[in-house]
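Colleague: Relevant sequence annotations retrieved from Swiss-Prot are reproduced here:
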TRANSMEM  36-56  transmembrane segment
TRANSMEM  65-85  transmembrane segment
TRANSMEM  114-134  transmembrane segment
TRANSMEM  135-155  transmembrane segment
TRANSMEM  179-199  transmembrane segment
TRANSMEM  237-257  transmembrane segment
TRANSMEM  259-279  transmembrane segment
TRANSMEM  290-310  transmembrane segment
Amino acid sequence: MNKVEMTYSELIGNTSISNKQKVVMFTSEIKALIKIGIVNSNLITTIAGFLLAISFTSSSFMSNWGTFLLTIIGTALVIAGGCIVNNWYDVDIDPKMSRTKNRPTVTGFFSLKSVLTFGLLTTAVGLLLLMFTSWYATLFAFIGWFGYVVLYTIWSKRRYTLNTVIGSLSGAMPPLIGWAAISPSFHIVPFVMFLIMFIWQTPHFLALAMKKRDEYEAAGIPMLPVVRGMAVTKRQIIVYIACLLPLPFFLLPTMGITFAVIATLLNLGWLAIAFTGLFVDEDKKWANTIFIFSLNYLIILFPLMIIVKLPIFS
């Protein structure tokens, strides 16, 4: 039986489905509800911030493994909580988009009341766990949650083309959370990590908006490609990627030449692909290339920050 055809209560009471199948189906719905992809990608930058703080403060990971677990689990729960509330709020527009129409809030697998309760409870537990690391980590997590749920989901998503930029605040917080769990003091490394994530998100999500332009238009969401067109969006993507160019050099004294060179090559490669958009007519195909590169960019850049701090590079 397809997941769309039943609610959570019906699944539990269905004797024709094995317990193993029920667990698989339930897990699938939970992953969709918490947006597991968003949670995982944000944890990459959280872990990077945490491990770099360990390195720069000459701390021991083994003596901080408990703090690490609290940081990762707490951050994951706060992010998941924000995504759950986002799903609850967007239940009226999600049916209009193919990538969101099968979310459990839309299909009715979970009741909206239970979704909201679960989202707020998950957030609260996450913040509580982070309090055992540091108040700064907790504050950064709350700012990220507030930015995503209130500033983006509720206030700007359905009103302004700048919704992407506004929402970028939340996605830039995880490296600060990871760092602050170990060290509350200001340092150039987490600040630049914040800037990288803040800037990176706009070309990433504008590329997605180009790919799904028709769906956003049908849902009434004023994404830049819908309101201003593809040409303007392409130019905006170029501008934001160009803004990434100077950032690796701010880390040259702390991260070394290897990181600066590789990060710059990534930036130049992404920028070169972006410029080709000015000369191609297949906008969605180009946007998909930009989108895929942005994912690889993140997967390469943040682990690279950790790798270059290994003794072999000292």
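Cβ atoms here come from the backbone N, Cα and C positions, even for glycine.
These numbers come from a predicted model, not from an experiment.
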Colleague: Any chance the transmembrane segment (36-56) and the transmembrane segment (179-199) are in contact, meaning at least three CB pairs closer than 8 A with a sequence separation of 6+?
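Modeller: They do touch: at least three Cβ pairs between the two stretches lie under 8 Å.
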Colleague: With Cβ-Cβ distances below 8 Å as the criterion, list the same-chain residues six or more beyond the ends of the transmembrane segment (179-199) that contact it, or say none.
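Modeller: Apart from its flanks, the transmembrane segment (179-199) reaches 45, 48-50, 52-54, 56-57, 59, 64, 67-68, 70-71, 130, 133-137, 139-140, 168-169, 171-173, 240, 243-244, 247, 250-251, 254-255, 301-302, 305.
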Colleague: Counting only residues 6+ away from its ends, which parts of the chain sit with a Cβ under 8 Å from the transmembrane segment (290-310)?
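Modeller: Same-chain contacts beyond the ends: 41, 44-45, 48, 51-52, 55, 175, 189, 193, 196, 200, 203-204, 207-208, 211, 237, 255-256, 258-259, 262-263, 266, 269-270, 273-274, 277.
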